[in-house]
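Below is one structure, written out as structure tokens; comments come after it.
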Amino acid sequence: MLVLTDPLQLLQALIRCPSVTPHEAGALSALEQFLKKMGFHVERPIFTDKNTDNVENLYAKMGNEGPHLMFAGHTDVVPPGALEDWTYPPFEAVIDQGKLYGRGAVDMKGGIACFIAALARVLEKRSIKGRVSLLITGDEEGTAINGTVKLLKWAEKKGEKWTAALVGEPTSVKTVGDIIKIGRRGSISGIITVKGRQGHVAFPERAANPLPLASKLIQALTQIALDQGTENFQPSNLELTTIDTGNLAVNVIPAQTTVRFNIRYNDLWTKETLMEEIEKRLSLVQEKNNSGQYPFYQLEWIPSLGDVFLTKNDKLIQVLSNAIKSVTGSLPECSTSGGTSDARFIKDYCPVVEFGLPGQTMHMVDECVALDAVETLTAIYERFIIDFFV
């Protein structure tokens, strides 16, 4: 019989559901079973959008009044890749030599299992003077269109308001509790299309090669750093991700070149001011080249939901930091490094922090978590829940 206070049992049950985005594969059904046994009211809305898969989500709530703590996460996982590369099958949740193997062990079914077990332990000993909810999506590893962003709006329309949120993403690096995330850099992407005129390489005067202009545009974007970072954020960085002419012939001047890039930006910028800076740099190159003549460029911005943010709720950060210290003996580092997460949506509704297992093996073959790390995180979550409602 499954024991709700045992995070390993819960985690094994979740891993055995092959919930690769956007498939639910029984993961939310397992969660619903756990949570209903604990007294939660559970709903599972399905969201749709054009050109996307339908995605099932879960919202569970307990309590009627007082401070409202949200735990947020996702049950969807990335594909396991070649099964023969795994030491153990990725959806069998095998335990060997002090580790639990399986896709989603750390990203992030482990965090969900630890929080549920921690809450079950708290409820065995005392009642909570407040409200607890779990906001769990099946669309975090995919497009994130039919997941947390819509689930938050759906819950808000039902009258839900939150005091604070904890996202159980794998933020720890070497040991559980060494790092918590109190913010994230923003993310924005663009596509530069340089239009030229195709021709034979032996007759360049009859063509307009887009590559020299593309090189100048790239230099304008990358030669000067966007900034040097701030007190809470590392420097913004622009990275080229694709340079493509679609031309496989060595004797043909291509008709166009496409350059794709992504920028991770800190709190010195807004999305608007950053776009202005990029457009300014590019326009200066075009003016020097030949305005309105071949070759010329076009810039397209890709819609992004990843704005920069920083949580400044000292009480929330302090409660979590003290809970970590009470279990591990050390205070965590407060960080804003790394990629984006669904915290970028939650920050519009309440203060949010992120804290979970060490993530060294996430998205990798043989993704795994140490058994003692699972117990440590559960103990920290338990202490955090108790202290949050004091």
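The backbone N, Cα and C atoms fix where each Cβ goes, and this holds for glycine too.
Straight from Swiss-Prot, the features:
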ACT_SITE  ASP76  active site
ACT_SITE  GLU140  active site, proton acceptor
BINDING   HIS74, ASP107, GLU169  Zn(2+) 1 binding site
BINDING   ASP107, GLU141, HIS363  Zn(2+) 2 binding site
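All features noted in Swiss-Prot, drawn onto the structure.
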| residue | record | Cβ neighbours (10 Å) |
| --- | --- | --- |
| HIS74 | Zn(2+) 1 binding site | 31 |
| ASP76 | active site | 27 |
| ASP107 | Zn(2+) 1 binding site | 27 |
| GLU140 | active site, proton acceptor | 23 |
| GLU141 | Zn(2+) 2 binding site | 22 |
| GLU169 | Zn(2+) 1 binding site | 26 |
| HIS363 | Zn(2+) 2 binding site | 15 |
For GLU140 (active site, proton acceptor) and HIS363 (Zn(2+) 2 binding site), what Cα-Cα distance in Å is obtained after rounding to a whole number?
13
Going by C-alpha distance, which of the recorded positions HIS74, ASP76, ASP107, GLU169 is nearest to HIS363 (Zn(2+) 2 binding site)?
ASP107
